[in-house]
Amino acid sequence: MSESPAAPRRVIPPPVITSRGDEAIAHDGVVRDVGVVIVAGGSGSRTGSAELKQFRWVAGKPALLHSVQSFMARPDVAIVVVVLPKAYAADPPPWLFQCDVDRLLVSVGGRERHESVVNGLEDLPEEVVIAVVHDAARPLVTDATIDRVIAEARKGHGAVAALPVVDTLKEVDADGRIVRTVDRTNLWRAQTPQAFPRTMLEQAHIAARRDGVGATDDAGLCERLGLPVVVVRGSERGMKITEDVDFARADALSLLPE
Ligand SMILES: Nc1ccn([C@@H]2O[C@H](COP(=O)(O)OP(=O)(O)OP(=O)(O)O)[C@@H](O)[C@H]2O)c(=O)n1
Ligand SMILES: C[C@](O)(CO)[C@H](O)COP(=O)(O)O
């Protein structure tokens, strides 16, 4: 990513600074060339709670820690960049360091999700070939889903964890009157993680910044350039915590087998 803002905006707290070479290191025969950006820079306003949803407890620990530990458990992950709101990036919660701190970096979030992703991407080290973006608000990500998106990205295209739409879909007007029933045959609900060849994702974000456009997910920025992205099967456990009631849902889902 080449266009840097004038003012410094990245804060890397002392405990997480590491030295590493420019080359991927093999661990038990697995090359560490995956970089993960976990976006946790939002305010969680739709929960209606003053506490950040990514810091609230779900299934026994802070929501954000679930996904940090899930990605760190993988031998192919070289680095996990956690993007936090500015005030917390300077002073991250201590529980965040309950992981392999040699593979942890902290970045500062932007105003919009896509800006937070860019800040995280800029911190990926040289050896990263596959970039994965994940919402901290989806704490119950499964290893099988991570496997699927990374395997597709290694083939040279983007991959989005997603689920087919199962309900009948209605398009309505401003008064709530049904205009029509939408054919759901090819409709999927996009989740995260989303994985991409690193250069593809950087290209998509650079073009979006140049054109002054955003998107609700990273795949959307690739799609607008005609870059190939596929869906892979996600999981109900990949649900996003959006409203307060979702905490209870996530707690319940965490008790079910994957
Ligand atoms: N400026 C932003 C906005 C969102 N996110 C992250 O993107 C993910 C998905 O966003 P969403 O669920 O919309 O989170 P919030 O923006 O925090 O929620 P709300 O819209 O209710 O304020 C979350 O993990 C959130 O922390 C981010 O890193 N930076
Ligand atoms: C990226 C995402 O999780 C895909 O579903 C989602 O778009 C982000 O959340 P938002 O509520 O749509 O902003």
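From the backbone N, Cα and C atoms, a Cβ is placed for every residue, glycine too.
If you look up TrEMBL, you'll see Arg46 (among others) marked as site 'Transition state stabilizer'. Shown in sequence order, Thr242, Glu243 are the residues of the chain, 6+ apart in sequence, with a C-beta less than 8 angstroms from the C-beta of Arg46 (site 'Transition state stabilizer').
In the three-state DSSP scheme, Lys53 (site 'Transition state stabilizer') is classed as coil. Cβ neighbours of Lys53 (site 'Transition state stabilizer') (same chain, under 8 Å, six or more residues apart in sequence): Gly42, Gly44, Thr47, Ala63, Ala137, Ile241, Phe247. Here TrEMBL flags Lys53 (among others) as site 'Transition state stabilizer'.
Counted within 10 Å of its Cβ, the other Cβ atoms near Arg184 (site 'Positions MEP for the nucleophilic attack') come to 13, all protein chains included. In the three-state DSSP classification, Arg184 (site 'Positions MEP for the nucleophilic attack') falls within coil. What TrEMBL records for Arg184 (among others) is site 'Positions MEP for the nucleophilic attack'.
Taken from TrEMBL, the feature site 'Positions MEP for the nucleophilic attack' covers Lys240 (among others). Non-local neighbourhood of Lys240 (site 'Positions MEP for the nucleophilic attack'): Asp135, Ala137, Arg138, Gln191, Asp246, each in the same chain, at least six residues away, with C-beta under 8 Å from its C-beta.
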